[in-house]
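Report on the structure given below.
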Amino acid sequence: MSVDATLPAPGQPETSPRLPIAVALLWLAAITASALPWLDQLLPSQLVSAFWSFDGDQYASVLAHFSWAPRVSMAVLIGCALGLAGAVTQQVLGNPLASPTTLGVEAGGQFGVTLATLFAPGLLAFSPDLAAVAGGLLAIGLVVLLTWRLGFSPVSVILAGLVVTFFLGAINMAFLLLKGEWLGNLFIWGAGSLIQNNWTPFFDLLPRVVVIAALLLALLRPLQLLQLGQASANSLGAKVSLLRAAALFLVVIMSSVVVSRVGVVAFVGLAAPVLARLLGARTLTERLLWSTLAGGGLLLLADTLAHWATTWDGGSLVPTGTTTALIGGPIILLALQGFRNTHHMPGQEASPAAFLPRRRSPVAVAGVLCSLLAVTITLSMGWSPGLEGWNWTPLVQWTEAWVWRGPRLMAAILAGMALGMAGTLIQRMTGNPMGSPELLGISGGAGLVMVVLVLTGLDIGRPGQLAAATAGAAGALGLLLLLARKHHFAGNQLLLGGLALYVFMDAGLRLVMASGGTVASRLLNWMYGSTWLIPESEAFALLALVVGLGTLLLLTLRPLTLLPLGDTPASSLGLPVARARLLLLVLAAVLTAASTVVIGPLSFVGLIAPHLARVLGQQTVGRQLMVAALAGGLLLSLADYLARILVYPNQLPAGLLAALVGGLYFLWGLSRHGRG
Amino acid sequence: MSTSPRALVVGALLLLVPILGLTQTWSHEGGKLTLNKPPERIVALNWAATESLLLLGITPVGVADMAGYGTWVREPELPEEVANVGTRVAPSLEAIAELKPDLIVTSTEMAPAAELLERIAPTYVISVYKQGARPYDKAREMLLTLGEMTDRKDRAELVLADIEKTLEEQRERLEQAGVTGKPVALVNFLDDRHVRIYTPNGLFQTALDNLGLTNAWQDTGNYWGFSVTGLESIAEVPDSRIIAIEPLVPGLADSLANSPFWTYLPPVQNHEIYQVPAAWPFGGVYPVKRLAVALADALIDGGSDNVR
């Protein structure tokens, strides 16, 4: 058959010998590290026999049999399961970035279990899997639905997955914040912990994983045909979509049964196949096999590191989710080198010429936005709940009301404007309509610095925070520009870079989450924006900053228009390219940092506002900047108002509401964009 | 009856004395605080402060996370009519302002909002829980200072004397029963795999110290005085007793009974698992008394081989 001719037969010399050696080394390192702490209490032979027996008189042996051995087995089993699931996902979607994590499946599973814990604990007792599977299916369902029209274009699938992850994550966080004290166990579980104290969970999970793996392998042969490419596979008929759906369904179940038992051990399903590919796995069989094995080794290593870190930390739990994220980040960065840039961002191919809504008068659009903003400001200042119910504050009392409602509203509007401008700036600089401070990890860079500040307990005040966050944002942006310059700011590299930054931030977040409710609540409150903390003085300082930067931006309109043309044309038009680029970089970083300190790194406003401006028909740089700033301000002022009134006297972080609204808009925009 | 003008002047001066005498200044973690008269409308932004006020016989006009107090702290009881001002990490400043308080009690956790709180009312900042602090000493200081501010110093001293007396009595009970020897591990079960273990830098250590008991866990935890850890960490101190503090996760007893890891644990084998009713580990002085009594009762009643 012609199909076979194109596939190298097993055992052919092209299989890189690096692969088995590297994976064997990984396993060796993981097992040695895992066994090391036990060897001063037990003989190696006793330790090996701990997997099937124990000596009731020697507690170390009991401990090894019921705590260590099941934990090792669990890590290997889950690692293999996720490695396989990741490799299959990549194959099915023809997407080197796909994995249960990046498709939002794990976040969905977590979402399902959180909801069940709060509203239907009986369901969890009946079957822990149901809620997680339902959540996972919801997540991937959203992703599939949204990207259907785009023909699952790889990068848009990942984008949609990322947004679904943030979106479901935001709802999750809202519950954790409002119900934190009740959900101490959810904090730990969400952070991912593989601690075991008997074999039941392992033997519970084993048959499920084996059955799902067998089913997946049964799809191996048809999957192999898929590898030949969409065109030839299509000739096989409608079965292709069915096959993909079946495989994805199995992947969801696989990830969900794992999530429902040990929480989110993110990025193993992404890192394992990436590692296998980097080490030279070529054919599908090779990739599935080595990805599975690499997954097991990786998770065992990550879990052992978590265990070690726990010991160093005075017994305070370091969740495995933290270490998988710490290992996953560098592997993703490594992968940056390995991928050919064959994929484009959605919107990239549909360059401005192909995506041109009707031009509208900027004055009219700005006028409408301004009046909406005025309405929001009036509502926010005047119509509020109090301890005695809702009431309308008369205009004469606004000076009093200003103290509590004014500065936060002003800060929210300014942060929104800053994000709108930063987003436009970055989109123009990268020439990519999907580039935004959030998705490219620039907010993530600022967020990472803030997480580190919280973790180390340093108190450096607002100006210090702003400086540190600016450094973080500038670092992230500079790194991205450096990495992406040779790829012309397109495709995987940018996204991967942003993803890797989030991975690191995630690692810190998980560590804090596992350490206990109160600390975590404070961090989460900040992460999603605590506008309520802003006093007048800071609001006015922010005003000065944003107005100053805005003015500066107006002076850089020319370089902004010229830079996307490319370095050579730009410099031939008399632009000092290097200096202009540096200036813009610093501007974007300061704008992003200023808004991140106020609203947190996850608000999506930097993505939506410039997009809205274009949808509203503003094509030139200056107009887009202005309208995006207004739209951003409007969005966050609304979010701040809702955050204050929805659950009064409790409050939600404003950034969280913005993320919810923004996520919805983006999901809607993505599907609509694809239809066009 | 006639009064001389001189007597009137003297009388008037005497009336002034308490007023002048009451303009007092306290220095606290957030700076200085001056009060002209004992505050009457007090807002408490954490449960340790709420508890201290209630112990002094003062009903705060507003507290943070009122429903949570009823579930987690319970004692001393909080009257229903108190207003809720929002969560403990992000209270509603506007709701606080609406109550027109004349004193706000909070901790450095709220430091970012200090400037705004000061605009509403004089703010007394004291952190029972922060890096390097001894929670009980701080809680004691808070109670005494609040007593001074509200002109209820005697009451504060009575409360403290009562707690000391209770601790002394319970220590004697334990010594008579001869059950003070083995170290105890104070834990909250988060699920059947993870526990929150109370460390020597926490509030509960004061109860242990005064009862003549040793903490089985010697590592310092976070500044709240606990570490979250895997159940297997308990096994590292085999010669100990385990005190499980309620509330317990539903179904915990069953899942632990099915875990040979648990059943082989030396304290389980020795029937040295004790269960005590909930005491709020992040409160003021009162939970120490509550825990001490519960602990003495439980240890004297004898342990079992599982939680209930």
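Every residue, even glycine, has its Cβ placed from backbone N, Cα and C.
Feature annotations, courtesy of TrEMBL:
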| type | residues | note |
| --- | --- | --- |
| TRANSMEM | A:20-39 | transmembrane segment |
| TRANSMEM | A:72-93 | transmembrane segment |
| TRANSMEM | A:130-148 | transmembrane segment |
| TRANSMEM | A:155-178 | transmembrane segment |
| TRANSMEM | A:264-281 | transmembrane segment |
| TRANSMEM | A:316-336 | transmembrane segment |
| TRANSMEM | A:363-383 | transmembrane segment |
| TRANSMEM | A:409-427 | transmembrane segment |
| TRANSMEM | A:439-458 | transmembrane segment |
| TRANSMEM | A:464-483 | transmembrane segment |
| TRANSMEM | A:539-561 | transmembrane segment |
| TRANSMEM | A:654-671 | transmembrane segment |
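Under the criterion of 3 or more C-beta pairs below 8 Å, with sequence separation of 6 or more, the transmembrane segment (A:130-148) and the transmembrane segment (A:654-671) qualify as touching. Long-range contacts of the transmembrane segment (A:20-39) within its own chain (CB-CB distance under 8 A, at least 6 residues past either end) are made by residues 47, 60, 64, 68, 72, 279, 290, 293-294, 296-298, 300-301, 303-305, 307-308, 311. Per-stretch counts of Cβ pairs under 8 Å to the transmembrane segment (A:409-427) identify A:539-561 as the leading one among A:72-93, A:316-336, A:363-383, A:539-561.
Within its own chain, the transmembrane segment (A:264-281) has Cβ neighbours under 8 Å at 15-16, 18-19, 22-23, 78-79, 82-83, 85-87, 89-90, 96-97, 99-102, 106-107, 109-110, 190-192, 194, 255, 258, 287, 289-292, 294-295, 298-299, 302, 320-321, 324-325, 327-329, 331-332, 334-335, 338, 503, 506, counting only residues six or more beyond its boundaries.
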